[in-house]
Amino acid sequence: MSTPLAPRRIDGLDTLRACAIVLVLMSHYSVVVSHKATFGFLTNMGWMGVDLFFVLSGYLIGNQILSPLARGASFSLPTFFARRLLRTVPNYLVVLALYLSLPAQLGGSHTAPLWRFLTFTQNIGLHFGETFSHSWSLCVEEQFYMILPLAALLIAARRHALQWGWLVLVGAIVAGMVVRGWAWMAHGRNTISDVDFAVHVYYSSFARFDELLPGVAIALLKNFHGGLYQAILRRGNALLVAGLAALSTMVYLFLHHYQVDDYGFTFPMMTFGYPLLAASFAVLTLAALSPNSLLHRVRVPGAEQLALWSYALYLAHKPIYKLVLEPLGRWQVDTDAPAGIALVLAAALLGGWLLYRLVETPFMRARARWFPAESGAAATGQGSPGQQRAA
């Protein structure tokens, strides 16, 4: 029996994915280790790495769902969910077990009941600083991907399905803005507390679903508007310049006009900022998919490896940060100095790589045997075995 070829990797997507995980690593370094802006302004924009992951995930998973529907092929919900669980659950359970077995070292201000972690609902009512809090983004994605295939199948069964698809997608983006705008007005306006911000905006699925939708829009464009999609991709470097300009604008606005000194959170940025940030990442994703773009053509050294390890790295890095602090302090290692920073990051990379090799890789190989990928999704840059951070 021949082994199917691994899906072709796309260097541009690997570069974006590597950038996303690096941003997250820098952001959480300041939260867990240094408690200062160790990496300058990149520290303060590090949270945007998760938003980039959302857009990439929306495209990749959206393409898996929409590609067979566009070809008129069957789409199996059980197979989709089985593949999804084999992709996300093994790594997640290992890191969850680590948190629960070392509460003194890794526990936060509060630990959700086990059933919440097992049902990916611990982000509901989540506060900053709680145990395994960075798993919130995995909850958002798992909840979203329970809804997306069902919605796609229901819409596909309607007359004028394509028009309905775009209408629902745009409506969902608007709904996300309404949720955040309501949260701002209902919970103190500019003086909204950190607790209410965490619960009703930052960790809320309803306030963050819309950031996956620009990626889904790319998949919809690719599969149902092929001519327009190819015409857009022919302008690869223009997309790259436009995406970088849009991202730079959003970074400036978030750093200077989102939470303003002596005022608080601003309504325009809380309401509209997240989907505009996601849109800028979507333009960069289009550039990454364009064969004419430098982002697509230039292979950045190390990006493929970071992209492959990104899901494992995302889950493992925060507990590793916490676990190495005590011995490094005992050895009087300055974690603000370059050598100390390098040691902490190296430990996180090693832990992520081990999780990828020992847990993720065997399960991804099993998934490829038991539930082979649809051939139509082979050239999406998914890679094998671990292309997409799922959180």
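From the backbone N, Cα and C atoms, a Cβ is placed for every residue, glycine too.
If you look up TrEMBL, you'll see 11-357 marked as domain 'Acyltransferase 3'.
The transmembrane segment feature in TrEMBL is assigned to 12-32 (among others).
According to TrEMBL, the transmembrane segment annotation covers 52-70 (among others).
Summarising the annotation, TrEMBL assigns transmembrane segment to 91-115 (among others). If one looks beyond the transmembrane segment (91-115) by at least 6 residues along the same chain, the residues whose Cβ comes under 8 Å of a Cβ in the stretch are 122, 126-127, 129-133, 135, 138, 311-312, 315-316, 319, 322-323, 326, 355-356, 359-360.
Below 8 angstroms of C-beta separation, residues 151-152, 155, 158, 192, 196-197, 200-201, 204, 206-211, 213-214, 216-217, 220, 224, 265, 267, 270-272, 274-275 of the same chain, each at least six residues beyond the ends of the transmembrane segment (164-185), sit close to that stretch. Taken from TrEMBL, the feature transmembrane segment applies to 164-185 (among others).
Outside the transmembrane segment (236-255) by six or more residues, the chain places 41, 44-45, 48, 269, 273, 276-277, 279-281, 283-284, 286-287, 290-296 with a CB less than 8 A from a CB of the stretch. Here TrEMBL flags 236-255 (among others) as transmembrane segment.
Here TrEMBL flags 267-288 (among others) as transmembrane segment.
According to TrEMBL, the feature transmembrane segment maps to 300-317 (among others).
Under the heading transmembrane segment, TrEMBL lists 337-359 (among others).
Within its own chain, the transmembrane segment (267-288) is flanked in space by residues 10, 12-13, 15-16, 48, 51-52, 54-56, 59, 173, 176-177, 180-181, 183-185, 189-190, 201, 207-208, 210-215, 217-218, 232-233, 236-237, 239-240, 242-244, 246-247, 249-250, 253-254, 257-258, 295-296, 381, which lie at least six positions past its ends and keep a Cβ under 8 Å from the stretch. Taking Cβ pairs closer than 8 Å, the transmembrane segment (12-32) reaches residues 38-39, 42-43, 45-50, 52-53, 56, 134, 281, 284-285, 287-290, 293, 295-298, 300, 302-304, 306-307, 309-310, 313-314, 317-318, 321-322, 325, 341, 344-345, 348, 381, 383, 387-389 in its own chain, all 6 or more past its ends.
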